């Protein structure tokens, strides 16, 4: 990539699993004077100190076979594996960051199917084994920027989405790509209860323009830290678009549909003033409730050692993707 990320900048895996709401309360998320209860504060300080590990059901994840393209590996060191299993946004399993790790074991992924349909000449249906092995897997270490103004660096394993889409042969009408998460309310408590699932409409849906989906950086992740994706991370396959905010990274995908018109997306339907279709990382376009000019980088140290740093346009991938949005008003199309 254009900017080398030092090993000290790579987010520890435990941080990759921290609770969203508690973190926002503690760090402020751009809101001055936010009060935190003693119990929440104590829990977070204990977590940052590394003394309190999230309670996560024991899961055996298979090692993956993959290549390491030099352009995504230069000078980068993998984050320790033992810190990856407790921090997730996956409202289908609850609102707190620890909920997915505690509850996602109910999701059944062995009989998984992923369909590619719509404006294509060759519709596809892939099973779980084909999802993991049909396309050449590779490791990519990407920055991840959450819309809540914190950031990380994560080593994913997967294959370019373009490989999957081109094998389905998009036709001349295809302009957008729509994604859909599995709908299984008996396995996903957040889908069964609007209270548990944050009031969102399910199944979770997302979308990209076709040129965004075909960009070489756009990844279908089947693993993280060299192993199969844990269920709480979106097993068996999820989307990773590193220049966009994290909510674009739809998890546990069962359907991809190529369309002629822009597809609806879950967070835009829920709060259109706050979450746009494009969701490109942009320090000049604030969230209505907090600034996006800076971000809290979550690293290996305790709370006092986390640092606030400037947010990079397109999350640091501007040289790779800015041409996709040439001439667009990025404030209007946020």
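Heads up, the Cβ atoms here are built off N, Cα and C, so glycines get one too.
On a predicted model such as this, the values are computed, not experimentally measured, just so you know.
Copied over from TrEMBL, here are the features:
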- 88, 91, 92, 146, 181, 233, 238, 249, 250, 251: Mo-molybdopterin binding site (BINDING)
- 107-267: domain 'Oxidoreductase molybdopterin-binding' (DOMAIN)
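Taking the features listed in TrEMBL, we show where each one sits on the structure.
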residue	record	CB count, 10 Å
88	Mo-molybdopterin binding site	27
92	Mo-molybdopterin binding site	29
181	Mo-molybdopterin binding site	23
238	Mo-molybdopterin binding site	23
250	Mo-molybdopterin binding site	25
Greatest CA-CA distance (Å) over the residues 88, 91, 92, 146, 181, 233, 238, 249, 250, 251 that the record ties to Mo-molybdopterin? 20
